[in-house]
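> Once you've had a glance at the structure underneath, I'll fire off some questions.
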Amino acid sequence: MKKTLVTLFVILISIFPFHGSITYAEGDEQNLSAIPEPTQVIVHLEEDAASKLAESEAVITNTEDAEQLVTIEVPQDESIEAFMKDLENRKDVASVEPDYFVKLDYVANDPDLVSFQYHHKAIESSAAWDITLGSPDVVVAVIDDGVDLNHVDLKNQIISHYNMVEGKKFTKGEHGTHVAGIIAGVLNNNTGGAGVAPNTKIMAIDVFDGDFALISDIIKGIHQAVDSGAHIINMSLGSYSTSTALEKAIQHAHSKGVVVVAAAGNDFTSKNHYPAAYQEVISVASTTSVNRQSSFSNYGSTIDIAAPGTEIFSTLPNNSYGWMSGTSMATPVVAGIAALLKANEPALTNKQIADRLFLTAKDLGVKGKDTKFGNGLVNAKNALKNIDKTVPVVPTVNTITDSTTSITGKTELNARVIAYEGNTKLGEAIAKNGTYTMKIAMQKAGTSISLYAIDAAKNKSATRTVTVIDKTPPAIPAVNTVSNKSTTVTGKAESNAKVYVYAGKTKLGEATAKNGVYSITIAKQKAGTILSVYAIDAAKNRSGTRNVKVIDKIAPSIPTVNSITSKSTMVSGKAEKGAVITVYIGTKKLGQGTVNSEGSFKVSISAPKKGAVIKVYATDKAGNKSGSRTITVK
C-alpha cells in the first residue's frame, strides 16, 4: 500500500474590515463547514508513468524534478476514499492526496479606529527609501486571488499576470490587490498610500476560483513564479495540515534562490501553520500599531519574524482603498523589505536575505528570539543600513597542553570565540578588551581543536586549528629483574617512548617501547650495580627514574679443600670470600663456617672415620649454591 498524504485546505490569512456594503462571515480556525468536499486528487507518479493514466483525464502539472504531478477527477459514482485506495495500489503511483479547496477567511473590524499606513513608521520605511525605493529588476510573485491590473497605484507595477485555474479568467481579487499594494503601491502619485518597495515589480498569480482554490493550483502557481523569474514569493495563505506536494514545490523554489514568505496564521494558536512552518519559508507573525502582538496572531517555535498586520491601509479593486488586518497583511511588509534588500544588494542569496531580516529586526517581547515575534519586528532601515561585513580576525591561541583547562588568546573586541573538537563543542567565550579565556575540559595530547570568532553582525572568522601539546611525562618504566647474568633489560613503558639504561653516568643502551614493551641489550653487569632506567616520549617529556640493583645469580666456584684424615677436627680450604661453607657426610651436617676476607675457611668437625666421604659446598650472600667438593677421609 502506498503512503497517503495528509489532507489540507488553505485560507488566505486576512481579517478583512472593508469599506462598503459587503458582509464577510466570521471564520473559525478552519471553517470546515463552508468548504466543499474535494472532487479531485493530486497524484505523484513514478517516473515516465503519465501516459498510463491518460484514460483518467489527468491534467499534468509540469515540474522540474524527476517526479510528475497530476490531478485526476473522482468518478461521480465512487467515493474519494475508494478512488484514492485504487490509485495507491497502482505500481505507477508513488502517492495520493486529496486536492482540497482553499478558502478566503475574513473577520469584520472597525476601520475608523486606525490611521493611514502607520506601518511605514513602524518599520522605518522613509529611512530605507533614502537608500533605495526598490528596483524594477526585482519581481515579487503574489500568489493570491488575483490583483486589479488597472488600479492607479498598481497598473505600472505589474510586470505579468497568470491564472492557474483552468477555464477561468484572471480576477481582480480584493485580498490579492490589498497585498500587492502593501508590497509595491506607487509612491508620490498623490493617490492612496505607498508600498514598502514602490519601485518593485509585481507578478500577479491567481489561484482562486471564487472563494476557493485548489492545492494543485497553488503548486502550479509556485512553479509559474519560479519559471517566470520571480525573486520573492508572497503567500498570505495557510493551513494547519501539511501537504507533501506543496512542500516539495516550496523546496524547489528555495533551491532556485527564491525568497518564500508566508503568513503565520490568525487563530492565536501555537499549532504549526503551513506553508509558513516549512523550513524554507519565512514565517511572519502580526503586530499592532503599538508594536504588540496582534490579538489574532499565531505564535510558536516556527515564527521567524513579525511585521505590522493590524488595520493596514492599502489598495482595493476599482481604484479604492481600505483596511485589512491579519498575518496576510504582515507578510507583504516582510516581502517588500526583502525586495528592497534584493534591489540594494542583488548578489544576496535567499538565505542571506532571510538572515539579514532576522539580524536587523527590532527585538520585542522576551529578549532574543521568542515564540510571539520570532527574531523581532522587521525593520527596513536597519536591514538596508551599512552592515558590518568584515569578518573578525582569526583568533590567536596560546599553547594548549594536555593539562590545560582554559584556552586563552586574542581576537576582535567583543567577538564570541567558539572551540570545537570535531563536532563536539568544547566551549565559548567573549573577547572582552580583545582577549578571551575559555574554560574547557582537559584534552588528550594530539587532539585537534578548531576555534573561530563571530562578531556582533554574525560575521564568522576563518578557523584556526591547533593541536594539544603533550606535556605529561611518561610513567616511570617498569623493569623486570636484572642479574649479573643478564644481557638485556626488559619491561614496560609508555607506548613508543624511548627507554634508556645507565650505570652511573655510563649509558648502557636504549630502545623504543613498541606496543608498550621494551628490550634493551646491555653488557653483563656486576651484582650490586645500580642501573637507572627512564623513558622519554615523543614530545620529549621525561619520566622519573627507576633504580634497579643487579642481583647476583652466579653460583660460587666449588671450594678447594685440604686433605682430611681420621684424626682431622678441621676442614679447611679456599672459596669465594664471604661465602658460607657447609660440610656433610651423607645427609649429616658436620659443620659450617664463613670464608674470610682472604678467601680461606676453616670449619670445625668431629674426627671422621677413615674412608668416610665428606662433601663441601659454598653458598654466597645471594643464596647461590656451588657444586660440592667430595673428599675421602684418609
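One-based numbering along the chain as shown.
Positions of Cβ are set from backbone N, Cα and C atoms, glycine also.
Here TrEMBL flags 137-376 as domain 'Peptidase S8/S53'. The active site, charge relay system annotation in TrEMBL covers ASP144, HIS175, SER328. Look at TrEMBL and you will find 392-470, 474-552, 555-634 tagged as domain 'Bacterial Ig'.
Tell me what's around each of these sites.
ASP144 (active site, charge relay system) has a Cβ environment of 31 other Cβ atoms inside 10 Å.
A helical conformation is recorded for HIS175 (active site, charge relay system) in the three-state DSSP classification.
Classification of SER328 (active site, charge relay system) by DSSP places it within a helix.
Summarising model confidence by region, the domain 'Bacterial Ig' (392-470) averages a pLDDT of 95.
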> Applying a 10 Å Cβ distance cut-off over all chains shown, what neighbour count does SER328 (active site, charge relay system) have?
36
> If you draw a 10 Å sphere on the Cβ of HIS175 (active site, charge relay system), how many other Cβ atoms land inside?
28
> Can you grab the distance from SER328 (active site, charge relay system) over to ASP144 (active site, charge relay system)? Cα atoms, rounded to a whole Å.
10
